[in-house]
Every structure is written in structure tokens, then in C-alpha cells.
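Trainee: I'd like to ask some things about the structure below.
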Amino acid sequence: MTVIRKKHPLIKMINHSFIDLPAPSNISSWWNFGSLLGLCLIIQILTGLFLAMHYTSDTATAFSSVAHICRDVNYGWLIRYMHANGASMFFICLFLHVGRGIYYGSYNMIETWNMGIILLFAVMATAFMGYVLPWGQMSFWGATVITNLLSAIPYIGTTLVEWIWGGFSVDKATLTRFFAFHFILPFIITALVLVHLLFLHETGSNNPTGLNSDTDKIPFHPYYTIKDFLGVLILLMVFMILALFFPDILGDPDNYTPANPLNTPPHIKPEWYFLFAYAILRSIPNKLGGVLALILSILILALMPILHTSKQRALTFRPITQTMYWILVADLFILTWIGGQPVEYPFIIIGQTASIAYFTIIMILMPITSVIENNILNLD
């Protein structure tokens, strides 16, 4: 077995990536989320494949085909709810994974980090298009509002929107192409994940101290395969509780009403995992400004390596910047809450304050506190 593992061209690659991979001896449970994201991706592809067998991407039958899956297909209700809540679990793991990267300074592995940002955009695009497919009220109006934002682009905006729609409004052509893209993107994401891992294995993993761990490595298997398996069990338990007992808790009741272009819902909002970005978008009264802020709210992650002014890599031994980090986390929770509220006083002003705080903490306060800590420790 050892001979095959180390000499077979294909198995050798798997061996170097998941079995004999040298890993730091001190990485904590925060390093579990990479493997959990891989599991989420597999679950989403498999459940999505079975849903696609019964789904029809036509405005006349899309809503009823989803109802048919839940009522008439064997375990169709389970597959549908696993897919819907699997997206939520995917984003929970994604946010924790990115949060870990920021806390421990993993963004200094620039290629891996930038590949991760591309992956984040790809997953967000996939999730958005998937939300449109059931063709409920929130699907239709969410698609209309979000795609319409592209009309803010000077000169080509309106043409671009109509090109994406395939007509003068969100209709059959839009639904068909969204289904096509939603089907193909997870496979593109899988390819990008392999590139992400390729870059990661070029440098090796970071660790909680932020120090070089070349002198203290252990094999990935059995140590971290067992550790990851515990994470998998916890994730599956939470996931199945969510999908079996509270399947609709993260969804929108409006999406159980078939799409009606003549009846606008009182409050249009995306899924919970986009609410922080949606709140930032809405906090700027200008359309183009809002769109730029929306894109920048994710793209700002690419500036992290440039904004790193500390002589230490991780936040482990930096209490002042740690405080800033946890204020940023609290701010993201506030933005998520605001994104789900109607556009009225006092939510408007809270959203604007939280949006300013978000960019200020990342671009100004964290670099400043890092310099202060350098001076306190005489590391300048």
C-alpha cells in the first residue's frame, strides 16, 4: 500500500496533499474550516445535482417544480432543505475561515489569500443565482434589484443590465441563464479550490503564533485527519438539526409566494449572508457610490497585506489590535441586522455609522494600533 501511495502518479498527489503533508504541530480548531468548506462544497454539488434532475428553469413551472420536488420526489424535501441550509452552513464556515485568516495574519500568503478572495466572489455569485431559481417573490425581486445595480455603471450600464436579463425585465431568459450559471459555477469553484490548495502547499500552513514552524512539523495523517473528522461530525450535527427541525428559519416567507412582477414585497432583502454588504450598499444615497462600496466591502480584503504595519504576523500577542478586530466583528453583526431592517429612522443612521466604522477600522485604526504596538514593544 505504501508503495502505491508514494509511487502512483495520481495517488502520489493525494498523498502529498492530505497524508504525508508536513503540518505545524500547534494549529488549533480554527484551521478545521478549510476541510469543512470542502465538505460543504461536496454536499452542495451532490444535492444540487439531484435537484437539477427534477427542476425546470421556466417561469411558468419553476415554482411548481420546486413544490413537486418537496411533495412527490422521494426525500425531495430533505434534498431541497439540505441544499438551502447547506448554503448557510457554507457561508458560516467561509466567514469563520476568513475571520481566522485576518486574526492570524494568513493574508501574508498573498497568492493563497487572493485566490481565496476570488473564491469568495465566485461562491457569492453562485448563491445569489441559486436564490433566484425557486422563482418566489423574493427570488424575482431580489434578482431585479441586484442586477439593476449594474445600471449605475456610466455609459454601458443600461445596455449591460438588459444584456444580463436577456430582455427588458427579469423573465424566462434570465431564469434559464441563471440556472445554467448556477449549475456550472460549483465545478469552476472546485477547480479554483485546487489552485487555492496548490498555493497553500507552496508556503505551508500558518499557525496560531504566526512564527515559522519549519522546525516543528507533524504528518497531516493521522493527527489532523482525526481532528478534522471531529469538526465534520459537529458540522453535520448542526447542519442536520437545521435542515430537519428548523428548515425555514433562515429563509424568507415571501419566497413561498410565486413571483409576481405586479406586486412588490414591502421589504426586499437578500439571504442573511449578504445582509452586511446590502447594508453598506444602502447606506450610501448615491447609486454608483453604493455599488462601489458594496464591491469594496469584499475587495478591501485584498488590501490586508498592504495595510499590515505590525512587526508581528498574528494578533495573538497584540491586545490593542485584538480589541479593534473584535469591534469589527461586532460591527459586521450590526450591519447584518441593519440589512434586514426597513429603510427608515433610526436604521438608516445606524447603517451609515456602521458602514463608516467598517472601512475606518480596517483601513485606518488597525494599521495605526499596529504601529503603536510596535513602538510599545520597541519593534520599530
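Backbone N, Cα and C atoms are what each Cβ position is placed from, and that goes for glycine too.
Swiss-Prot feature annotations, pasted as is:
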TRANSMEM  33-53  transmembrane segment
TRANSMEM  77-98  transmembrane segment
BINDING   His83, His182  heme b b562 binding site
BINDING   His97, His196  heme b b566 binding site
TRANSMEM  113-133  transmembrane segment
TRANSMEM  178-198  transmembrane segment
BINDING   His201  ubiquinone binding site
TRANSMEM  226-246  transmembrane segment
TRANSMEM  288-308  transmembrane segment
TRANSMEM  320-340  transmembrane segment
TRANSMEM  347-367  transmembrane segment
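So where do these features actually land, and what's packed around them?
Mentor: Same-chain residues lying 6 or more positions outside the transmembrane segment (77-98) and placing a CB less than 8 Å from one of its CB atoms are 30, 33-34, 36-37, 40-41, 43-44, 47-48, 50-51, 66, 69-71, 116, 120, 123, 127, 130, 235, 238-239, 242-244, 247, 250-251, 271-273, 301.
Cβ-based neighbour count (10 Å, all protein chains) for His83 (heme b b562 binding site) stands at 21.
His196 (heme b b566 binding site) falls within a helical segment according to DSSP.
Within the chain, the transmembrane segment (113-133) has long-range Cβ neighbours (under 8 A, six or more residues past its boundaries) at 55, 57, 62, 66, 87, 90-91, 94, 97-98, 101, 106-107, 139-140, 142-143, 146, 174-175, 178-179, 181-182, 185-186, 188-189, 192-193, 195-196, 199, 270-271, 273-274, 298-299, 301-302, 304-305.
Counting every protein chain shown, 14 other Cβ atoms lie within 10 Å of the Cβ of His201 (ubiquinone binding site).
Same-chain residues lying 6+ beyond the ends of the transmembrane segment (226-246) with a Cβ under 8 Å from its Cβ atoms: 29, 32-33, 35-36, 39-40, 43, 78, 81-82, 85-86, 88-89, 93.
For the transmembrane segment (320-340), the list of distant contacts is 99, 102-103, 269-270, 272, 274-280, 282, 310, 347, 350-351, 354-355, 357-358, 361-362, 365-366, 369-370, 372-373: same-chain residues at least six beyond its ends, Cβ to Cβ under 8 Å.
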Trainee: On a C-alpha basis, identify the one among His97, His196, His201 that is nearest to His182 (heme b b562 binding site); the candidates are the binding-site residues.
Mentor: His196
Trainee: Sort out the sequence-distant neighbours of His196 (heme b b566 binding site) for me: same chain, 6+ apart, CB within less than 8 Å of its CB, listed by position.
Mentor: Thr112, Met115, Gly116, Leu119
Trainee: Cβ distance under 8 Å to His97 (heme b b566 binding site), same chain, sequence separation 6 or more: which residues?
Mentor: Phe33, Gly34, Leu37, Gly116
Trainee: How many Å lie between the Cα of His201 (ubiquinone binding site) and the Cα of His83 (heme b b562 binding site)?
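Mentor: His201 (ubiquinone binding site) to His83 (heme b b562 binding site), Cα-Cα distance: 30 Å.
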